[in-house]
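As recorded in TrEMBL, the features of this protein are as follows:
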- 41-296: domain 'G-protein coupled receptors family 1 profile' (DOMAIN)
- 26-51: transmembrane segment (TRANSMEM)
- 57-87: transmembrane segment (TRANSMEM)
- 99-120: transmembrane segment (TRANSMEM)
- 140-162: transmembrane segment (TRANSMEM)
- 174-198: transmembrane segment (TRANSMEM)
- 204-226: transmembrane segment (TRANSMEM)
- 238-259: transmembrane segment (TRANSMEM)
- 279-298: transmembrane segment (TRANSMEM)
Amino acid sequence: MERTNDSTSTEFFLVGLSAHPKLQTVFFVLILWMYMMILLGNGVLISVIIFDSHLHTTMYFFLCNLSFLDVCFTSSSVPLILASFLAVKKKVSFSGCMVQMFISFAMGATECMLLGMMALDRYVAICYPLRYPVFMSKGAYVAMAAGSWVTGLVDSVVQTAFAMQLPFCANNVINHFVCEILAILKLACADISINVISMTGSNLIVLVIPLLVISISYIFIVATILRIPSTEGKHKAFSTCSAHLTVVIIFYGTIFFMYAKPESKASVDSGNEDIIEALISLFYGVMTPMLNPLIYSLRNKDVKAAVKNILCRKNFSDGK
């Protein structure tokens, strides 16, 4: 691990799994394969939703946004992760680090908001089915998606701007695979109270509030489903929510572990703990985007039918 002698660092060095060279090879192959699956799975899902007119609905509009987010999120970090496994000196410039951190944080925050909007969509669809076309008009759901994007981008601008104001002095070794904001804050040689307060506010806006919206929505959804007299009706209603609920559990389970409690610089005392946090972050950043298209396609008859129709049309055109 190298450190600069300058008063302020102009570059960082990523530690990752440098202490475990054998694991680096295994993780490189594994993450590369997962990244290919992310691009393939989400790319297919986006294409199917765009080209099949039957899927031009509110739920699939949000799902298309979610898949695009997953592609952007992983593309902002996975290439850096793979390069860090191959390079002898895992070096990244200060500006490059900030750009990568900005994109990753923006995509993550936007996804939190978007999952909350998707819960509201399911709530209206199941609890108020007759009023659904009125409440969830095109103008409404486009505004909801746009609001999610704007919130995520603005939040990331604020957090990145605060992080860029910090001096990093001689300590420029990041105990992480990428330029993750909490790992960056631990390197600052100045008071980070403002950053901690800002991150707490960010947690409230993009983590707690969407999670409350999701929780309250599903309380009403479950109550409505239990009042449906037929077993078939209950199963059909629940099947429209099960994929979203599965994604929420996986996504929030990992992201809450990382961001729910911002740590101060003084709390850093264990390299092993940093590596564990980095591995959990890796799971959140790669595994979840890979599982999303599988969860939504395998548990969704409309998506599977749309894929079959596209393949049939392609085979028919090739036959001509």
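Cβ atoms here come from the backbone N, Cα and C positions, even for glycine.
Here the transmembrane segment (238-259) does not lie next to the transmembrane segment (140-162) in space: the count of CB pairs under 8 Å, restricted to residues six or more apart, is fewer than 3. Outside the transmembrane segment (140-162), and at least 6 residues removed from its termini, the chain residues within Cβ reach (under 8 Å) are 58, 61-62, 65, 98, 101-103, 105-114, 116-117, 120-121, 181, 194-195, 198-199, 202, 205-206.
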